[in-house]
Amino acid sequence: MLTIYNTLSKTKEVFKPLDGNKVRMYVCGMTVYDYCHLGHGRSMVAFDLVTRWLRKSGYELTYVRNITDIDDKIINRANENGETFDALTARMIDAMHEDERRLNILPPDQEPRATDHIAGMHAMIQTLIDKGYAYAPGNGDVYYRVGKFVGYGKLSRKRIEDLRIGARIEVDEAKQDPLDFVLWKGVKPGEPSWESPWGPGRPGWHIECSVMSTCCLGESFDIHGGGSDLEFPHHENEIAQSEAATGKQYANAWMHCGMIRINGEKMSKSLNNFFTIRDVLEKYHPEVVRYLLVASHYRSAINYSEDSLRDAKGALERFYHALRGLPRVAAKGGEAFVERFSVAMNDDFGTPEACAVLFDLVREINRLRDSDVEAAAGLAGRLRELGDVLGVLQLEADDFLRAGAEGKVDAAEVEGLIQARLKARADKNWAESDRIRDQLTAMGVVLEDSKGTTTWRLAD
């Protein structure tokens, strides 16, 4: 029985889809003005994990993740680059998809782009105006009337009165209330724009997600996800817009993943500790980065550091060493491990406990590998099967363990030295065997002897 922590209720709840076995999930995607940073990677991996487990559990999932392809940041960056906004976004979308592919992230079922849904935004804005939840002051903008929506603050637990007292909001004479937010922005010189009933302009950020989610999934759906930094004001505003327009509950459950911290500090460009996914993948194997992002609980903050990446690499090496040398066969046995893994994942996608189960499974594989190869191979298949839920352990063991060797050592030379060492050992020429081992160690190669065979990997 799956339970999910619902940010709306602030409790774990038994997950019950609105429509039988069908699950509809919407996740706020990228604003594509730059390369994806590590925080984007965290969200991508977190909801990829949710996707994999829901499908593994037998649910019929429709996963929608949007692309924000018109925004102040996009316009500013395109102007800086001297290119059109759509040329910039096309490049960044291609780069985002490449980052996802390298991190083994399954593509969403639908990936709507804001600029393809302008007509739907016009329709929802007009509905809000007709119901008294929005107003057009005549300057080309349209604003949402926050004070009219009775449930405002129910997601973030913020009170309108407190927001008014504590907010340092830029004064806008066109607003009836400082808390009102923009639904449609009147055109400005040099900016892209679309025709609308209120004059040319472009949509506000919040209305984009309300329209794309309900267009793809209906007026009410099961799960809405995103980073914890989006809880307020973005997701709060989505609820206000959508529920005022439809009169129905917007999303049944809200899921928010934690942030990335760099050596214990918030990641930011001002602190000079800002990393794109591409930056990190230049130094570390993609599976190491993915394991770092998936091994912590999705609601927890992740501390990104050289130590945490070394720990992730070490964990994967333990897994792949257990798989190494065993025939690749279908999963067999280990039902108790499967049950424990399922219990962990059904408890709000508890990956730390799930990973602990994998380590226990590795110990059992290593215990059996010399005495019962068939049983060990069946459990190795089980390890790969469970690892696939986390999006890891699908490579050939040698390919992972030797990753990074290209350009650092000559694999053919290493293999030749290993064969020479095996001959020296067979001839009981221990001095020559030790000399070759020392030579390989100096090359950064670690040897592992087992039953007359020797395998190798690069040292950390």
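Every residue gets a Cβ built from N, Cα and C, even glycine.
Fair warning: this is a prediction, and the values are worked out from it, not measured in the lab.
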**OP:** Write down the one residue from Cys209, Cys355 that Swiss-Prot lists together with Cys28, His234, Glu238 as binding Zn(2+).
**Re:** Cys209
**OP:** When you get a sec, could you say which of 30-40, 85-95, 437-447 is annotated motif ''HIGH' region' by Swiss-Prot?
**Re:** 30-40
Original post:
According to Swiss-Prot, which stretch among 186-190, 246-250, 266-270 corresponds to the feature motif ''KMSKS' region'?
Top reply: 266-270
Original post:
Which residues, sitting 6 or more apart from His234 (Zn(2+) binding site) on the same chain, put a CB under 8 Å from its CB?
Top reply: Cys28, Trp205, His206, Cys209, Gly226
Original post:
When you average the Cβ positions of Cys28, Cys209, His234, Glu238 for the Zn(2+) site, which other residues in that chain have a Cβ within 8 Å of that mean position?
Top reply: Trp205, His206, Glu208, Ser210, Ser213, His224, Gly226, Leu230, His235, Asn237
Original post:
Here the binding-site residues are Cys28, Cys209, Glu238; which one has the lowest number of other Cβ atoms no more than 10 Å from its Cβ?
Top reply: Cys28
